[in-house]
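Colleague: Just passing along the structure, written as structure tokens.
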Amino acid sequence: MNRESFAAGERLVSPAYVRQGCEARRSHEHLVRLLLEKGKCPEDGWDESTLELFLHELAIMDSNNFLGNCGVGEREGRVASALVARRHYRFIHGIGRSGDISAVQPKAAGSSLLNKITNSLVLDIIKLAGVHTVTNCFVVPMATGMSLTLCFLTLRHRRPKAKYIIWPRIDQKSCFKSMITAGFEPVVIENVLEGDELRTDLEAVEAKVRELGPDHILCVHSTTSCFAPRVPDRLEELAVICADYGIPHVVNNAYGVQSSKCMHLIQQGARVGRIDAFVQSLDKNFMVPVGGAIIAGFNDSFIQEISKMYPGRASASPSLDVLITLLSLGSNGYKKLLKERKEMFSYLSSQLKKLSETYNERLLHTPHNPISLAMTLKTLGDDEDKAVTQLGSMLFTRQVSGARVVPLGSVQTVSGYTFQGFMSHTNNYPCAYLNAAAAIGMKTQDVDLFIKRLDKCLKAVRKEQNKESHVSGVDNYDRTENVDIEEMALKLDNVLLDTYQNSS
């Protein structure tokens with residue numbers, strides 16, 4: 001309703017009441033105006049009524065929502081299901097145009113405005129999280145792996161002779177396949193063991209650069225967030241090497257936005273050397289559904305070049321999700337989540353350390369990894385590999401998600417490349433271990449329940465290895481009401497274990 005509508009309403013309802021309603025609406029509009037003027041995440045989160053009003057106002061700017069619109073093209077925002085239309089707040093046209101994912105659509109001014117605002121808010125949050133000199137970014141409706149591929153394909157046009165990508169090893173399939181999909185040959189640099197940590201072998205990186213020749217190297221593909229005992233790459237030193245040899249540098253920062261340490265590494269790397277782009281996941285950092293990523297960098301023209309490499313229009317769903325989330329949280333809400341995550345990391349570390357000592361294990365000393373922790377699994381019995389995999393299946397059937405057990409000597413082939421000791425980021429890590437991570441959104445009760453269930457599973461595995469009956473060894477609590485459920489879980493443990501062994 002505009003001013004004329006409110007004036008007309010005063011003929012039907014007391015003008016005092018109408019003016020009060022008008023003032024209430026203006027308070028919503030004031031928040032929207034500040035957002036459009038500043039392009040920054042509001043300090044305090046919006047309530048749902050303001051959010052829905054804002055989204056509705058944007059949606060009616062798209063041609064598919066015009067009253068009396070007559071569409072005679074092949075893409076006119078037609079939707080068969082009203083439920084689907086409501087799910088997307090009637091933003092049907094997507095974002096971008098065929099030549100640029102960041103371009104404005106003439107028939108979808110509202111969706112285009114949504115896209116611009118989202119990119120602006122995300123840039124503000126990246127700065128808030130620690131990368132203060134980032135100049136540009138955009139949300140892309142692809143997860144981290146495909147977003148990395150888009151960066152590599154963009155670099156191909158700048159470096160036509162390049163064939164190789166130098167990649168300090170991290171045992172995660174999507175980042176490896178991103179290089180294969182782009183048509184390049186990964187040059188795997190094995191990590192070096194320093195104490196318990198696996199760290200970047202800088203000498204091997206520089207030696208490989210000299211051996212292959214800078215012109216034949218597309219880029220160095222480094223990593224921040226990762227599973228312990230691997231730790232973030234030495235970004236500052238890698239950035240200096242890239243600057244010295246004139247080689248681009250792309251950083252896989254998958255879930256690093258939530259870590260001030262990871263973001264500081266990127267900031268410092270850009271300050272002392274060269275970082276061309278860094279890519280991060282939306283779902284892991286902002287608690288939205290899977291399907292989006294942020295591509296960011298320090299050279300505005302290069303980030304624009306990447307956005308123009310995306311072929312065709314794109315889904316607006318990831319942009320809409322993160323926009324709603326950031327406006328709901330506000331910058332203060334997001335900073336609170338970051339603070340709570342740090343606290344949860346310390347709490348998880350202390351609780352896992354206590355539990356490990358109970359079983360004569362230990363928490364691996366990985367101070368350079370700010371998100372992931374690892375506990376040794378050395379004392380599970382004579383058949384250690386079987387016991388380790390058995391532990392993993394038991395945790396899974398007891399609804400513990402995210403924890404990983406890493407046995408010794410696992411071999412995995414990915415896109416024709418064979419990795420020894422796969423999942424441990426090195427050919428021969430000294431021991432099997434279990435991973436757990438303190439990610440954004442984790443609560444104290446999550447840690448407590450995980451420790452409780454891990455404790456019971458460790459007891460059960462030890463009893464199994466001591467040849468006691470599998471059923472009686474599950475746990476020590478009164479099972480009078482849980483016999484059937486636990487027996488079913490034990491049978492499922494064995495099925496999963498057989499499946500794992502057959503697949504490997």
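Yeah, the Cβs are placed from backbone N, Cα and C, and that goes for glycine too.
Straight out of TrEMBL:
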BINDING   Arg75  pyridoxal 5'-phosphate binding site
BINDING   Arg97, Ser98, Gln105, Arg313  substrate binding site
BINDING   Arg271, Arg398, Lys463  tRNA binding site
MOD_RES   Lys284  N6-(pyridoxal phosphate)lysine
Colleague: Using a Cβ-Cβ cut-off under 8 angstroms and a sequence gap of six or more, which residues of the chain neighbour Gln105 (substrate binding site)?
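Modeller: Long-range Cβ contacts: His93, Ile95, Gly96, Arg97, Ser111, Ser112, Arg313.
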Colleague: Can you tell me the CA-to-CA distance separating Lys463 (tRNA binding site) and Arg75 (pyridoxal 5'-phosphate binding site), as a whole number of Å?
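Modeller: Checking the Cα atoms of Lys463 (tRNA binding site) and Arg75 (pyridoxal 5'-phosphate binding site) gives a distance of 63 Å.
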Colleague: Just the number: how many Å between the Cα atoms of Arg75 (pyridoxal 5'-phosphate binding site) and Ser98 (substrate binding site)?
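Modeller: Arg75 (pyridoxal 5'-phosphate binding site) and Ser98 (substrate binding site) have their Cα atoms 13 Å apart.
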Colleague: Which whole number of Å gives the largest C-alpha distance between any two of Arg271, Arg398, Lys463, the residues noted as binding tRNA?
Modeller: 54
Colleague: Within 10 Å of the Cβ of Arg97 (substrate binding site), how many other Cβ atoms can be counted across all chains shown?
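Modeller: The answer is 17.
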Colleague: If one measures from the C-alpha of Arg398 (tRNA binding site) to the C-alpha of Lys284 (N6-(pyridoxal phosphate)lysine), what distance in angstrom results, rounded to a whole number?
Modeller: 23
Colleague: Other residues with Cβ within 8 Å of the Cβ centroid of Arg97, Ser98, Gln105, Arg313 at the substrate site?
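Modeller: Surrounding the site, in chain order, are Gly94, Ile95, Gly96, Gly99, Asp100, Ala103, Gly312.
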Colleague: Counting other Cβ atoms within 10 Å of each residue's Cβ, which of the recorded positions Arg271, Lys284, Arg313, Arg398, Lys463 comes out lowest?
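Modeller: Counting other Cβ atoms within 10 Å of each of the recorded positions Arg271, Lys284, Arg313, Arg398, Lys463 gives the minimum at Arg271.
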Colleague: Taking the residues Arg97, Ser98, Gln105, Arg313 listed for substrate, what is the greatest CA to CA distance in Å, to the nearest whole number?
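Modeller: The substrate-binding residues span at most 10 Å between Cα atoms.
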